[in-house]
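**Student:** Copying in the features that TrEMBL gives for the protein in this structure:
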type	residues	note
ACT_SITE	LYS8	active site
ACT_SITE	ASP132	active site
BINDING	PRO90, ILE91, GLY92, ALA93, GLY94, LEU95, GLY96, GLY97, GLY98, SER99, SER100	ATP binding site
DOMAIN	63-137	domain 'GHMP kinase N-terminal'
DOMAIN	201-256	domain 'GHMP kinase C-terminal'
Amino acid sequence: MILFPNAKINIGLNITERRADGYHNLETIFYPIKINDVLEVIEADSLSFTSSGLDIPGRMEDNLCVKGYHLLKKDFNIPPVSIHLHKHIPIGAGLGGGSSDAAFFIKLMNGKFNLGLNIEQQQDYARTLGADCAFFIENKPVFAFDRGDEFEPIKLDLSAYHIALVMPPVHVSTSEAFRGIQPAPVKDSLYDLIYEPVREWKKYIKNDFEANIFKNHIEIRWVKAALYEAGALYAAMSGSGASVFGIFETKPDLSALETDNQVFYGV
Ligand SMILES: C[C@](O)(CO)[C@H](O)COP(=O)(O)OP(=O)(O)OC[C@H]1O[C@@H](n2ccc(N)nc2=O)[C@H](O)[C@@H]1O
Ligand SMILES: Nc1ncnc2c1ncn2[C@@H]1O[C@H](COP(=O)(O)OP(=O)(O)OP(=O)(O)O)[C@@H](O)[C@H]1O
């Protein structure tokens, strides 16, 4: 069985509070985009994990798909499987690629072995693997809050726009991004602001990670500026970086960025 885990972007990200469990409360909009991995699972004599495409840091046991297998194995009598992941979603990009693989793995296993898990139950399993994971179970635009793992559906359709995504040659780890952040409550919630016209977003919708990350990685700031110069209605870093997306009325010319960065059009 094969599924195609996709990436997400964060439109706005406000870090509102430090929590007692070491995490932060935040609010953000998650929006699915069309950059995909390929995840194949077949029944086998023993558990194995192989990958192709981009190099995935860490050992096999650290891979979120393998962690997902062990998580389900605790509660269900599932057979060993051979997992193959073709990695295409940039890593350390704020695109939630690893989280998506994990969520799609849970969905795949649920379907393949008739585990009978409903959406909420799949989200509960996903949540234990990472704050981003649960979003990918339903994979629809949402307003996310708490650790970023509680959701309220929103009506947001950007399909009339051209979204371009630029990945500078920099990786930012999520915990690095949270270091030095001063959480602050918000006056106006993204839950309402997201319904402002896209060309107004730059006045109201911010990613709280940008200031810190731009200080240490000036090239990410340059990419954002270049997207505005190329005509973006809105441009921002996604999640904890390093990728930056731009929302355009039509396909932009970003050829000047292609030398130093990976550029994805029409995601
Ligand atoms: C910030 C976002 O990238 C926005 O999309 C995500 O919420 C991060 O989600 P994620 O990569 O799935 O994060 P996890 O793997 O659960 O957490 C990595 C680390 O980030 C920090 N972390 C993450 C989420 C959160 N709400 N508060 C945090 O402080 C914690 O130090 C945690 O140990
Ligand atoms: N299937 C996987 N694909 C990619 N990375 C994985 C996977 N499983 C575990 N990891 C680990 O997770 C780390 C970051 O993964 P990921 O690509 O999800 O980060 P990210 O793009 O910063 O996403 P996020 O928006 O969730 O912060 C990697 O350094 C890697 O060690």
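Note that Cβ sites are derived from N, Cα and C of the backbone, with glycine treated the same way.
Would you situate these features in the structure and describe their surroundings?
**Tutor:** Around LYS8 (active site), the C-beta neighbours below 8 angstroms that are at least 6 residues distant in the chain are PHE30, TYR31, PRO32, ILE33, LEU95, GLY96, SER100, ASP132, PHE135, PHE136, SER238.
DSSP assigns ASP132 (active site) to coil in the three-state reduction, outside any helix or strand. Every protein chain shown contributes to the tally, and the Cβ of ASP132 (active site) ends up with 28 other Cβ atoms within 10 Å.
According to its DSSP assignment, PRO90 (ATP binding site) is coil.
Taken together, the residues in the domain 'GHMP kinase N-terminal' (63-137) have a mean pLDDT of 97 on the 0 to 100 scale.
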**Student:** Using DSSP, would you call GLY96 (ATP binding site) helix, strand or coil?
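**Tutor:** Reduced to three states, the DSSP call for GLY96 (ATP binding site) is coil.
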**Student:** In the domain 'GHMP kinase C-terminal' (201-256), how many residues does DSSP put in helix, strand and coil?
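**Tutor:** So the domain 'GHMP kinase C-terminal' (201-256) is made up of 25 helix, 10 strand, 21 coil.
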**Student:** From the centroid of the CB atoms of PRO90, ILE91, GLY92, ALA93, GLY94, LEU95, GLY96, GLY97, GLY98, SER99, SER100, the recorded ATP site, which same-chain residues not already listed sit within 8 A by their CB, in sequence order?
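**Tutor:** Here the nearby residues are ALA7, ILE89.
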**Student:** Quick one, of the binding-site residues GLY92, GLY94, GLY98, which Cβ has the fewest other Cβ within 10 Å?
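**Tutor:** Lowest Cβ count within 10 Å among the binding-site residues (GLY92, GLY94, GLY98) is GLY92.
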**Student:** What recorded positions among PRO90, GLY92, GLY94, GLY96, GLY98, ASP132 have a C-beta sitting less than 6 Å from any atom of ligand 2?
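**Tutor:** The qualifying recorded positions are GLY92, GLY94, GLY96, GLY98, ASP132.
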